[in-house]
Structures are given as structure tokens and as C-alpha cells.
Amino acid sequence: MTATLERRESASLWGRFCDWVTSTENRLYIGWFGVIMIPTLLTATSVFIIAFIAAPPVDIDGIREPVAGSLLFGNNIISGAIVPTSAAIGLHFYPIWEAASVDEWLYNGGPYELIVLHFLLGVCCYMGREWELSFRLGMRPWIAVAYSAPVAAATAVFLIYPIGQGSFSDGMPLGISGTFNFMIVFQAEHNILMHPFHMLGVAGVFGGSLFSAMHGSLVTSSLIRETTENESANAGYKFGQEEETYNIVAAHGYFGRLIFQYASFNNSRSLHFFLAAWPVVGIWFTALGVSTMAFNLNGFNFNQSVVDSQGRVINTWADIINRANLGMEVMHERNAHNFPLDLASVEAPVVG
């Protein structure tokens, strides 16, 4: 006797919708996080494209001197940007209905806040969607954990830093030259290059690139040939096969002889954990560093650390960097301040 089990049809439209959202058979997994992710990222992307092309100038410093960022107002792909929300708005939530008109909303840089808040919500939901799909497939959760590093970095520059500085106008502009301007001003005001957490981030990014290149080249160079010399080595493998495609012992032996034995991994799991953890931890630290510098806990300051027996300063490289920082700072918001804060906060020396 044969028993036939039929899949029970969900009685309601809502039930069928739930089944569709959580199905792992879809070409692209939706998930409950995806229900929020899709509209928020579509909104952020659409507004970014429209504003990058056609947004009018924005009064970023709140001093009635609008700065143009869009293509139709004289910029190109390199110089164009979504200009941050005006300092006159500060940290206020500024949706379109809070402004007297759309023109006022555009003048005060409303699109920046709209894009950033939707984008951050969207990428957080993307991270949640990674966890959700892993959970439904019975996988471990580390893909979402790794993605938390760029999410933390984006949150630091687009949300935590403006909160610490008191205004969305201090957030990173959404453009190529705007990003570099943000970096230069950040160095001038916070000496980020002398912050240990930024140094860890640099080691994470560049080290991760090096390790990725080393791993990929070693694996590609130690493939197990399953074909003749007249055929491509790639023809000897099929997706999902049980057999290994490369010889980790050969790769370990090569690298162990190239440097020394214990510089090479002989365990695939520990190797791939290291490849994932190195850049992720580095970027976590950088995001943490930016978040602390947001509240003006800045990089190390070794200015005027060396003096002679008469108390005269002997300039070191730290003093050269400090002079460069001051130079960058006086060029930033040059019409908003008479002097940068570092120069205005001390009494002028007596000359004579």
C-alpha cells in the first residue's frame, strides 16, 4: 500500500505570502528582512540618482552660501556629490513634510538625510537577511558576522560621526571628491592617522588583500589535474563534487619552504577563519575608532614633545603633521569661521 502525502495549501492569502517570503526555493531569497530591505534600498538608490543629476545647491554650513553638488549645476562624475544636510538643521529629523516647501527641503539638503537613513536601514536588513537565509539552510551564521564590518564602518561615518559632531552637515558627502574632502577634514580635526584603531584597520584591509591574493594564487597553482595535458584543467571538475579540487598538502609544502614551516596553514578551516577574521576585525576597529573620534577622543598628539635645555622646541615629524593639519583645517569651511578651533582657542603670543 502506498500513502501519498500532499502539501497542505495555506488557507489564506497571508499564509501564501508568508510561505513565498520565507521560501528558499526562490531564485532570489526575500526573507522578512528583505521585505524592509528592498523598499529602503530602492528608495535610497532612486533618490541618490535623481539628486546626483539634478539637486539644486545646498546651504551646507547654514550661512546662506549654497554649495552645488549635482551634474546639472556644473559638476562632473568626479566632483559631483550629494551635499550633506545643512548645519541649520543639525541633527533634526528632516523629512519632506517638515519643510515649508520642496524647494526649502532641497535648499537645506533634505535628500542627504533621506538617502543615508534609508541606506543604513537597508544594509542592516541585508545583514539580517544573510543571517535569515543561513538559518533556513542550516548554515552557520558567520557570513552575516563578516558583513557587520562594512555595516559598522558605514554607520560610523554616516550616523555616529554626525551625532558626535552635532550635525548631519559633518557626515560624509555622497560622492568621490566629497569622500576625499571628508577624509582630509577628518585628519585635520581628529589626527586619525595617529589613532591606533585606524592603524589596525589599515593592517586589516591591506593585510586582507595580501592574504586573499596569496590564498587564491596558491590554490590555483595546486589544482589536482583530472584531465590530460591537451585539455583545460577546469574541465576535470564539476560544481558540488565531493573530492577536493586542490592539494592543500602541496600548497602547505610550497609556502612552508618559501618562508618557513609554521608560516603556512595545514588546516583548511583555520586558514579560512583567519582569512575572514583578519580584515573583519581590522574594519571593526576602524569603525570603533571613527565612533570615538566622533566625540573628539582623537589620535595621538606628540606636538612639541622634544625641547632643548633652554626650553626651545625641536620640531619632529609630529610637528610637521600638526602644521599640515592646521593648513587643512583653515581651508575647511573657510567662510564659516574666522580661525580654525585650534588657532582660536589659545591666546596669541606676545611679540616684542
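Glycine too: its Cβ is placed from the backbone N, Cα and C atoms.
Here is what Swiss-Prot says about this protein:
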type	residues	note
BINDING	His118	chlorophyll a ChlzD1 binding site
BINDING	Asp170, Glu189, His332, Glu333, Asp342, Ala344	[CaMn4O5] cluster binding site
BINDING	His198	chlorophyll a PD1 binding site
BINDING	His215, Ser264, Phe265	quinone binding site
BINDING	His215, His272	Fe cation binding site
MOD_RES	Thr2	N-acetylthreonine
SITE	Tyr161	site 'Tyrosine radical intermediate'
TRANSMEM	29-46	transmembrane segment
TRANSMEM	118-133	transmembrane segment
TRANSMEM	142-156	transmembrane segment
TRANSMEM	197-218	transmembrane segment
TRANSMEM	274-288	transmembrane segment
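On the structure: features taken from Swiss-Prot.
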residue : record                               : DSSP class
His118  : chlorophyll a ChlzD1 binding site    : helix
Tyr161  : site 'Tyrosine radical intermediate' : helix
Asp170  : [CaMn4O5] cluster binding site       : helix
His198  : chlorophyll a PD1 binding site       : helix
His215  : quinone binding site                 : helix
Ser264  : quinone binding site                 : coil
His272  : Fe cation binding site               : helix
His332  : [CaMn4O5] cluster binding site       : coil
Note: among recorded positions Tyr161, Phe265, least Cβ-dense neighbourhood at 10 Å is Phe265
Could you measure between Ser264 (quinone binding site) and the residue listed as 'chlorophyll a PD1 binding site' for me? Cα positions, answer in whole angstrom.
27
Distant-in-sequence neighbours of the transmembrane segment (118-133), which means Cβ under 8 A and at least six residues beyond its ends
24, 29, 31-34, 36-37, 40-41, 43-44, 47, 139, 141, 143-144, 147-148, 150-151, 154-155, 158-159
Please work out the number of neighbouring Cβ atoms within 10 Å of the Cβ of His215 (quinone binding site), leaving out its own Cβ.
17
Who sits close to His198 (chlorophyll a PD1 binding site): which same-chain residues at least 6 apart have their Cβ under 8 Å from its Cβ?
Ile192, Thr286, Gly289, Gly299
Spatially closest candidate among His118, Tyr161, His215, Phe265, His272, the listed recorded positions, to Asp170 ([CaMn4O5] cluster binding site) (Cα to Cα):
Tyr161
Which residue among the binding-site residues Asp170, Glu189, Glu333 has the fewest other Cβ atoms within 10 Å of its Cβ, if you could check?
Glu333
Find the one among the recorded positions His118, Tyr161, His215, His272 whose C-alpha lies closest to that of Glu189 ([CaMn4O5] cluster binding site).
Tyr161
Under a three-state reading of DSSP, tell me whether Glu189 ([CaMn4O5] cluster binding site) is helix, strand or coil.
helix
Give me the Cα-Cα distance between His215 (quinone binding site) and His332 ([CaMn4O5] cluster binding site), rounded to a whole Å.
43
C-alpha of His332 ([CaMn4O5] cluster binding site) to C-alpha of Tyr161 (site 'Tyrosine radical intermediate'): distance in Å?
17
Are there any residues at least 6 positions away along the chain from His118 (chlorophyll a ChlzD1 binding site) with a Cβ closer than 8 Å to its Cβ? List them or say none.
Thr40, Leu41, Thr43, Ala44, Val47
Looking only at Cβ atoms, how many others are within 10 Å of the one on His272 (Fe cation binding site)?
13
Rounded to a whole number, how many Å is the Cα of Tyr161 (site 'Tyrosine radical intermediate') away from the Cα of His272 (Fe cation binding site)?
33
